[in-house]
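Copied over from TrEMBL, here are the features:
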TRANSMEM  6-26  transmembrane segment
TRANSMEM  38-59  transmembrane segment
TRANSMEM  71-90  transmembrane segment
TRANSMEM  154-173  transmembrane segment
TRANSMEM  180-198  transmembrane segment
TRANSMEM  210-228  transmembrane segment
Amino acid sequence: MRPDLQLAYSGMVLLGLILLLVFRPAGHYGSVERKQYWRLQFITLFAALIGAKFAVLMGDGRWPLVPFHDWIGLLLSGRSIVGALLFGFLAAEAAKPLLRYPLPPNDRFALLLPFSIATGRMGCWMAGCCVGIESDGPIALVGVDGVSRIPAPLIEMAFHLACGVLLIVLFRARSLQGRLFALYLVVYGAFRIVSEYWRVTPKDFGGWSAYQWMALAMILAGGVALYARRGSGIIAARPAGGTA
């Protein structure tokens with residue numbers, strides 16, 4: 001990737017992370033709850049980083065169908081949001097009983113995440129990665145490689161922005177409390193299974209890409225969480241500034 005394109009991509013990803021920090025998804029918790037929340041977030045982040053690379057290893061590297069040796073290249077290459085979401089979610093759910101985590105799922109984080117991911121997809125478009133298939137159709141655009149393609153990153157960016165708006169509406173209506181992130185997993189998983197058909201990714205795993213199989217796992221994981229948390233009451237955290 002050209003240095004200027006890499007800079008553009010990195011800048012948009014950084015902007016997405018800044019969104020999560022500026023709007024403080026844990027700002028409504030008291031001091032004790034914030035410590036518990038960020039402890040779980042560190043575990044989630046670590047698992048998400050592993051999942052992001054593991055998905056690329058399978059999705060683009062086609063491992064284990066073909067031998068893979070370019071481990072340095074993998075570390076320096078892109079990341080998969082599908083793998084990050086799936087691994088991060090599963091790790092968080094597994095860690096909660098071990099940490100005796102008492103807080104309900106953080107809907108405020110779920111509200112911010114789609115907008116953060118959307119900025120990353122803009123970075124993908126600017127850098128020429130995650131490209132769509134070649135096309136001269138009415139929605140096709142010429143990318144940085146000079147080829148007319150379906151603008152897969154821009155379509156996904158629009159999807160995440162729409163999801164973010166939907167989640168805000170549900171949050172304000174107090175609908176699906178504690179289940180917004182699970183809903184996001186289901187909806188994005190379904191979208192990703194479909195959108196992979198217009199993305200340039202190997203479809204070597206039973207006619208699907210590895211990303212599609214992980215998206216299916218996202219649907220299952222999110223669906224189980226939606227069902228398991230149905231009718232559960234949301235325990236209000238103490239106001240910010242509570243005693244440690």
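Here the Cβ of each residue, glycine as well, is placed from N, Cα and C on the backbone.
From a predicted model like this one, the values you see are computed outputs, not experimental measurements.
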For the transmembrane segment (210-228), sequence-distant contacts whose Cβ falls under 8 Å of one of its Cβ atoms, 6 or more beyond its ends = 55, 58-59, 62, 80, 82-83, 85-86, 89-90, 93, 176, 179, 181-186, 188-190, 192-193, 196, 201-203
What parts of the chain pack near the transmembrane segment (38-59), using Cβ distances under 8 Å and only residues at least 6 beyond its ends?
-> 26, 68, 74-75, 77-92, 95-96, 99, 101, 201-202, 205, 209-211, 214
